[in-house]
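Visitor: I have a structure here, written as structure tokens, and I will follow up with some questions on it.
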């Protein structure tokens with residue numbers, strides 16, 4: 001009881017000193033809870049959406065997948081006769097045929113894509129009674145006839161569409177135009193899909209290219225009939241096995257699983273970053289409690305002298321930590337919900353509509369937040385608590401002065417060096433691994449070991465590194481600089497832990513920036529070496545025939561290459577077979593992408609009934625030049641093709657691709673099973689590059705879903721994409737860095753309190769406030785630079801190792817992004833200055849008399 | 001009302017006035033209304049240049065407060081304090097800091113030295129932060145006098161209490177301040193080490209013409225001074241020139257007795 005009372009008193013007496021630790025716990029817990037709430041809310045949104053949009057029972061073709069369109073670009077469909085039979089099943093209130101395609105692009109009269117910018121699909125279909133479950137027509141009427149369409153209200157709002165506007169729908173079967181006659185509003189949150197409706201006949205004709213077929217059949221159950229009963233009835237009516245029959249729950253579950261796994265990736269990635277923030281927070285908490293214990297040495301000694309047991313002292317510190325953990329976590333849970341709402345608003349601004357109506361805080365969320373926050377805090381406080389328990393009763397009798405400096409011990413040094421050594425060895429091994437998959441585990445081990453090793457020897461390195469930094473930087477600041485250096489050095493363990501917190505975040509930044517720029521450099525290098533084409537045309541929809549036609553007829557082009565992946569089963573003479581498919585391209589592809597061969601000539605592979613295989617495949621399955629492979633085209637016939645070339649697989653683009661000509665493919669695949677091009681290449685007539693590029697862009701204006709890029713734009717795009725990805729990761733790492741900065745502030749603030757008498761003395765003998773503040777700022781800068789130096793060094797090491805390892809996967813060029821690295825280093829100095837603002841201000845305001853007041 | 005103002009006379013060092021510091025009608029009060037506590041009650045005092053002055057008095061008499069105010073460490077409620085001809089009451093922190101740095105030396109009871117700096121760095125610290133070069137000859141002489149020549153590279157934690165105080169004295173002297181204030185400079189030392197430090201302070205007055213003011217409750221320490229000022233209840237109640245330890249002790253006993261009977 002007394003222990004608890006003392007702890008409570010201590011906790012509240014020192015609440016100022018605990019504040020920053022509480023903020024660190026708060027931030028980490030908030031990030032965890034925010035992630036959980038955000039992803040749960042997204043799931044709720046999709047659950048509601050899928051539940052509202054699916055009918056009681058849905059019949060679809062066996063092969064249909066809810067989240068993808070077959071490669072030929074036309075959704076799988078079933079004949080109208082199925083509808084007739086299903087309708088007759090017992091318990092059917094009504095049945096209707098639905099047509100829906102996600103392989104479309106909708107543009108307005110200015111050729112602007114009406115689809116979502118966030119990757120959500122554009123869905124075109126017929127307007128059915130089932131849609132009334134999730135939507136209502138808020139203006140105009142449902143579409144009737146071939147020239148009418150209806151659009152969802154969110155899309156209409158976003159693109160300022162109104163009744164009477166004309167929309168063009170680009171499907172694989174052709175383009176067609178229709179005027180908006182109605183606008184329908186979702187009753188549930190639609191996170192971003194653009195939806196357009198037509199009448200049934202139009203949808204069948206334009207989206208499926210046929211009449212009398214549907215993509216699925218929606219059945220509504222009569223009153224008193226459960227979905228499961230209806231499902232059984234329908235199965236017995238249309239026959240089992242031929243079609244997929246799903247209840248509302250089954251259908252929406254299938255829809256959701258795709259979204260769910262995507263959400264899980266987001267969730268675990270974000271939780272990973274929260275974990276890093278927690279890790280950094282641990283250093284802050286350790287430092288706080290170490291300092292509190294050090295400052296209270298005399299008090300603890302007194303407690304021990306009057307009879308407290310070690311255990312009691314130890315426990316009293318842990319109780320304080322628990323209070324801190326509980327307090328920080330409760331606030332963190334609240335902040336987490338706020339963070340989730342903020343994130344949703346941010347997503348809305350980016351074009352993904354999420355509504356706070358769906359805000360989902362599961363009961364487990366606060367529990368996870370609280371448990372995590374408290375456990376981490378108590379674990380972090382364990383070492384300082386143990387040290388408190390070891391305080392001898394004699395401490396009460398000794399003069400207070402400054403608490404004994406923590407000397408970095410020999411044992412620490414040995415353990416740290418051993419770990420760092422083992423880590424370095426692991427990194428070295430990873431860099432020389434023969435297979436990327438084997439090496440990645442070793443790389444991971446190396447990263448973790450070197451990180452722990454650096455954290456442990458940090459205090460030992462602090463001495464040397466701080467001296468070097470000071471020698472370079474602080475000598476311009478005379479005695480103030482010298483004192484800042486000495487202050488940073490006086491407690492290496494503290495400086496080490498504070499710097500280590502910053503080190504972790506910056507090491508990751510450095511590592512990722514090295515990998516990122518190496519990716520750009522390697523890709524650029526590969527593109528320079530192998531790509532011969534002038535222009536690359538691709539988009540998120542396969543290139544529809546009418547767009548391909550527009551490319552082919554563009555003036556100024558020397559040649560145009562079609563490129564498609566084809567589903568096929570391939571069997572070697574020795575009986576091995578796989579379903580990895582083949583690549584059908586025009587013979588000009590050999591000029592568009594230069595590939596070395598280990599045997600034969602690539603041009604020969606584009607000959608009649610010929611093909612090529614990759615060198616790895618050839619070696620593995622003993623395929624030689626002139627061998628005959630059996631290729632069974634999916635949806636087509638089976639071909640016997642002769643191996644006319646073996647390509648060298650030491651590349652990134654098209655590694656292991658098995659080429660054959662478009663001509664050969666056409667022979668074995670019926671026209672309506674031939675998929676649209678994935679990508680097209682075009683080369684300009686010599687000397688007409690500029691004009692051709694402009695002409696290509698012009699002819700693709702009406703197909704905004706495709707991008708035309710020349711080589712330099714393509715490289716730029718690649719760079720931008722990687723840059724964006726890195727920026728996102730940096731943004732998430734910012735949390736860890738913020739916590740680390742809090743750690744620097746915390747260390748300085750507590751040091752200032754600890755050095756009250758010293759500061760008073762310095763002020764008494766004539767140090768000005770400005771000099772005092774500068775001294776603290778410089779100390780802060782030195783600590784920050786120490787952390788930055790270690791972090792950047794470690795991170796570059798990791799990055800370089802990762803590059804060496806990934807060289808096996810094509811990451812062949814190591815590029816250290818010096819501007820970024822140097823920028824981060826200089827930025828760290830400013831971070832140090834910033835962190836010192838408040839502690840320096842407070843030190844300046846300290847009463848001079850405190851120095852000489854004898855206690 | 002007793003005051004300790006001497007008639008100013010010229011002489012002493014460098015043609016400056018014979019009074020190094022003076023206080024006029026200085027009041028220092030804490031709180032207000034019912035809880036108002038007056039630490040200094042209209043005190044007038046002159047500190048003679050080139051002399052060793054000791055301020056004595058029972059706990060709570062205001063002796064430390066008086067010293068803090070004279071040294072520009074604490075502000076006064078009313079009245080004026082002059083260092084030489086400069087009025088320091090009303091000076092802004094910046095000027096006051098400069099004044100302490102350039103014209104005043106300090107020796108505290110404990111915690112006089114920065115633990116991160118070694119002895120010589122501590123000694124030259126006031127000049128370092130002022131950006132001035134110490135006078136080499138003078139510094140050597142001071143170091144020589146305090147007998148620290150072989151300990152200059154030691155950190156405070158490697159020095160004994162007496163050695164630490166001697167470093168503090170050396171620091172106070174090294175910058176050649178107009179006046180040195182000591183707040184119980186021997187309070188934490190045993191009698192032998194205390195005598196060493198006091199003897200050294202005495203010598204610096206006699207040989208170097210240094211002005212020194214110390215606050216003490218130790219009659220032996222006071223006996224090293226030229227003049228003892230007695231404070232009680234925030235006023236100067238008595239003074240004594242060329243005191244001996246016994247005289248000081250007797251006088252203090254008187255005050256104690258008077259305090260108890262009144």
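Backbone N, Cα and C atoms are what each Cβ position is placed from, and that goes for glycine too.
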Visitor: Out of A:177-199, A:200-222, A:223-245, A:499-521, let me know the one TrEMBL marks transmembrane segment.
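Guide: Range annotated as transmembrane segment by TrEMBL: A:499-521.
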Visitor: Check each of the ranges A:154-173, A:394-413, A:414-433, A:534-553 against TrEMBL and return the one annotated as transmembrane segment.
Guide: A:414-433
Visitor: Under 8 Å, at least three CB pairs between the transmembrane segment (A:363-385) and the transmembrane segment (A:268-294) (pairs 6 or more apart)?
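Guide: Answer yes: the transmembrane segment (A:363-385) meets the transmembrane segment (A:268-294) with 3 or more Cβ pairs below 8 Å.
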Visitor: Checking distant contacts: for the transmembrane segment (A:774-796), what same-chain residues at least six beyond its ends satisfy Cβ-Cβ under 8 A?
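Guide: Same-chain contacts beyond the flanks: 450-451, 454, 458, 461-462, 465-466, 469-470, 473-474, 477, 480-481, 483-485, 487-488, 495, 498-514, 740, 744, 747-748, 751-752, 767, 816, 821, 824-825, 828-829, 831-833, 835-836, 839-840, 843.
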Visitor: Across the domain 'MacB-like periplasmic core' (A:19-234), what does the mean pLDDT come to, as a whole number?
Guide: 90
Visitor: Would the transmembrane segment (A:268-294) count as touching the transmembrane segment (A:816-838), i.e. at least 3 C-beta pairs under 8 angstroms with sequence separation of 6+?
Guide: no
Visitor: Which sequence-distant residues neighbour the transmembrane segment (A:728-753)? Criterion: at least 6 residues beyond either end, Cβ under 8 Å.
Guide: 17, 20-21, 23-24, 27-28, 31, 269-270, 273-274, 276-277, 279-281, 283-284, 287-288, 291-292, 295, 487, 494-495, 497-498, 501-502, 504-506, 508-509, 512, 759, 776, 779-780, 783-784, 787, 831-832, 834-836, 838-840, 842-843, 846
Visitor: Please list, for the domain 'ABC3 transporter permease C-terminal' (A:732-847), how many residues fall into helix, strand and coil according to DSSP.
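Guide: The domain 'ABC3 transporter permease C-terminal' (A:732-847) comes out at 100 helix, 0 strand, 16 coil.
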Visitor: Where DSSP helix means H, G or I and strand means E or B, what are the helix, strand and coil counts for the domain 'ABC3 transporter permease C-terminal' (A:273-393)?
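Guide: Helix, strand and coil residues of the domain 'ABC3 transporter permease C-terminal' (A:273-393) number 102 helix, 0 strand, 19 coil.
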Visitor: By a Cβ-Cβ criterion of under 8 Å, what residues six or more beyond either terminus of the transmembrane segment (A:317-343) are in contact with it?
Guide: 3-4, 7-8, 10-11, 18, 21-38, 41, 285, 289, 292-293, 356, 359, 361, 365-366, 369-370, 372-378, 380-382, 384-385, 388-389
